[in-house]
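Reading through the structure tokens given below for one structure.
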Amino acid sequence: MRRDQEPSGGGIHPLLVGRFSPYRFDPSAVVDDASLRLLLEAARWAPSAGNSQPWGFFVSRPGEPDHERVVRHLAPSSARWAVDAGLLVVTLTRRHVDGTEVLYSEFADYDLGQAIAHMTLQAEALGLASHQFRAFDMEGLTKELDPNPGWAVVSMVALGKAAGEPPEGRDRRSVEELLSGPWAPSA
Ligand SMILES: Cc1cc2nc3c(=O)[nH]c(=O)nc-3n(C[C@H](O)[C@H](O)[C@H](O)COP(=O)(O)O)c2cc1C
């Protein structure tokens, strides 16, 4: 693994270069209704298997009653920074046909991930940073939101104005390794 590359070196789009997952958000920066709407629009236009659109979001901002319903389920590690974000998004996917273990789509989580990628890049375009995370009480939050049968909470995203620089340790495997790295059978 090459440990020293900067994303700007490869000539990728500035929105991709600028994105990073901050460990500090500016608590005074609000995500207004228009920005929230655009983030959801961006997610809405993601591709999905058979156009199934197997995603749903529970959104809340500081000061809103729903915010406390989510914040109380954060793990100590994420609570340190996620409470300061202007927006918390709980992501849900429809994995199963209602009331059964039959897969609704084997691509449900894949599709949700694409919708979140759209959302995070739209956030960058709006000058907002995002930090996706799993550090929360999945069982407690699922009970809290009580999603309909077939639906599952998957992850959370904190969005807002980043405070501070990108953290250390954002290493990436090289392009060459993507092509012929651990997945590839030996010649
Ligand atoms: C599905 C998913 C779960 C993650 N869970 C956590 C988490 O629980 N805590 C955390 O600090 N970061 C979490 N992250 C953020 C990653 O650690 C981060 O994206 C990765 O280190 C690369 O850094 P970058 O986003 O700044 O490029 C998660 C990211 C994804 C996509």
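In case you wondered, yes, glycine gets a Cβ from its N, Cα and C as well.
Since this is a predicted model, take the numbers as computed values, not measurements.
Here TrEMBL flags 167-176 as compositional bias 'Basic and acidic residues'. Mapped onto DSSP helix, strand and coil, the compositional bias 'Basic and acidic residues' (167-176) counts 2 helix, 0 strand, 8 coil.
Look at TrEMBL and you will find 17-65 tagged as domain 'Nitroreductase'. Averaged across the domain 'Nitroreductase' (17-65), pLDDT for the predicted model comes to 98.
Annotation source TrEMBL lists region 'Disordered' at 162-187.
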